[in-house]
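Novice: Heads up, here are the entries from TrEMBL:
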TRANSMEM  20-40  transmembrane segment
DOMAIN    30-454  domain 'Cation/H+ exchanger transmembrane'
TRANSMEM  52-71  transmembrane segment
TRANSMEM  77-99  transmembrane segment
TRANSMEM  106-129  transmembrane segment
TRANSMEM  149-168  transmembrane segment
TRANSMEM  218-240  transmembrane segment
TRANSMEM  274-292  transmembrane segment
TRANSMEM  304-323  transmembrane segment
TRANSMEM  343-363  transmembrane segment
TRANSMEM  384-402  transmembrane segment
TRANSMEM  429-449  transmembrane segment
Amino acid sequence: MGFELDAVVSKLQNLATSDHSSVVSMNIFVALLCACIVIGHLLEENRWMNESITALLIGVCTGVFILLVSGGTHSHILVFSEDLFFIYLLPPIIFNAGFQVKKKQFFVNFITIMMFGAVGTLISCTIITFGVTQIFKRMDIGPMEIGDYLAIGAIFAATDSVCTLQVLNQDETPLLYSLVFGEGVVNDATSVVLFNAIQSFDLEQIDPSIALQFIGNFLYLFLTSTLLGVGAGLLSAYVIKKLYIGRHSTDREVALMMLMAYLSYMLAELCYLSGILTVFFCGIVMSHYTWHNVTESSRVTTKHAFATISFVAEIFLFLYVGMDALDIEKWSFVSDRPGTSVAVSAVLMGLVLVGRAAFVFPLSFLSNLAKKSSSEKITFRQQVIIWWAGLMRGAVSMALAYNQVGATLQTISRGCFTMSGHTQQQSNAIMITSTITVVLFSTVVFGLMTKPLIMLLLPPNPHKGTSSTNSILSPKSVTVPLLAQESEADLEGHEVSRPSSIRNLLTRPTHTVHRLWRKFDDSFMRPVFGGRGFVPVEPGSPTERNGHGWH
């Protein structure tokens, strides 16, 4: 009896120690987040630094400090988990991106964005896969199968949409921002879908039927994920418009917007769809309909809430990636072969450069052929910036490198390089450390040089006023709602006359589709789902007393 009591007391003491360690770790991490925000503010005007690089470097410095204090046993205070990334951190970042995107600019360039994000990612994945297949066999890094090579292609084809969002300003360079931003979101979704598809197919027996099935599954995931996001956004708009939730509590309508956005992401993951695409298009639809259906105070609240959550999640990601880069366990496996790890990283970085150039310039040429106006064409300098901005790799690549799907939990060589978060063999350790090296090098080096490169290739015009065309205000704006829609004057100023022939329809398809969509939206969608023109009920207002919501 006494022995059992001592065992219980010992367990309680261990639990208390574990809880205390967790509290200490969280205190340190939150303090580091605060430091990242303060230092990022002080470096706001710096032409080289941005908040992502600041958080990454602070994470690396913290990792070095912890490594020294712990006597070289560990370098981080939290354990990396792909679930933490995909379930908690990525959704608010992607949703906020869709929530504040310039919708007209995005959809005018939708075909080009899909070419870069989907077709370009497949081209990049193919080139990287082919390159590592030919080179790694000569480097003797350990046993690897076709699934491993394809997984490497999918992992390093994933650009960092979190980092590219900070490269350009959508008010100063709307075309470049929409292309880089849109490609980043579609690229992330494509890479994740591609990686999961690689895990689910038997790659030892590849034949034409398997290839067609793969393509069909790929298109199915894209379409259904997009429709689910649109459906969730429309449902939130209809519910909030119909129930007048803000009449009694603005907190409820804000909470409902947040929860339905997150629910759309989790439903997509539950159905094995692309949560990234789902929550992105949910954000677009919510900004077009739902946001206009809530009260004025709720608009201000959602603006700041979504932007703040996204901002903290971004800083959290880069801070942790910096700390995890010095994980002693990973590097100990390659300590006897440091040259091999460096060589693998260099090969991967070179293939990333080549793979991106292989689709950015050819696809830009094809895109320009379909555009009649010179102002809509992508210049060579802009193509260089697009190529450069997409060279950065980040948390998506790291999460995919750690990720294990389905049957791969018990089979190391099937497209993953870790088991239960721990490196199991040298070849896997080399791939993990090489992924970390590529992420750090690309984010810091390319990130530092991006701003000067943009200023060199596209010097700012001091005489050019701020464009009001399809303006969605910056997230830093405080006095005006974030998602103020394009003014009717702007829209009318860009109105395209009704095509008099099939030829006109074919020569300006995006403008014609935009005009037809506006007509359909005004006639059918807004009367049902609200949107611009719908005046929500304010508590105690004459609108509420009269029982009307439309003016």
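A Cβ is built for glycine as well, from the same backbone N, Cα and C atoms used for every other residue.
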Novice: Mark yes when the transmembrane segment (274-292) and the transmembrane segment (343-363) have three or more Cβ pairs under 8 Å (sequence separation 6 or more) and no when they do not.
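Specialist: Since fewer than 3 Cβ pairs under 8 Å link them, the transmembrane segment (343-363) and the transmembrane segment (274-292) do not come into contact.
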Novice: Counting Cβ pairs under 8 Å that are 6 or more apart in sequence, does the total for the transmembrane segment (77-99) and the transmembrane segment (218-240) reach three or more?
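Specialist: Contact between the transmembrane segment (218-240) and the transmembrane segment (77-99): absent, because fewer than 3 Cβ pairs are under 8 Å.
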Novice: Go through the chain and flag residues at least 6 beyond the ends of the transmembrane segment (384-402) whose CB is under 8 A from any CB in it; none is fine as an answer.
Specialist: 80, 82, 85-86, 89-90, 116, 151, 154-156, 158-164, 167-168, 176, 179-180, 183-184, 187-188, 191-192, 195, 317-318, 321, 324, 352-353, 356-357, 360-361, 364, 378, 416-418, 421, 431-432, 435-436, 438-439, 442-443, 446-447, 449-450, 453-454, 457-458
Novice: Under 8 Å for C-beta pairs, could you tell me which stretch among 52-71, 106-129, 218-240, 304-323, 429-449 has the largest tally with the transmembrane segment (274-292)?
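Specialist: When the Cβ pairs under 8 Å are tallied, 218-240 comes out ahead.
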Novice: Under 8 Å between C-beta atoms and at least six residues away from its ends: which parts of the chain pack against the transmembrane segment (304-323)?
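Specialist: Beyond its ends, the transmembrane segment (304-323) has Cβ neighbours at 29, 32-33, 36-37, 40, 51-53, 55-63, 66, 75-78, 80, 85, 88-90, 92-93, 95-97, 99-100, 162-163, 254, 258, 394-395, 398, 439-440, 443, 475, 482.
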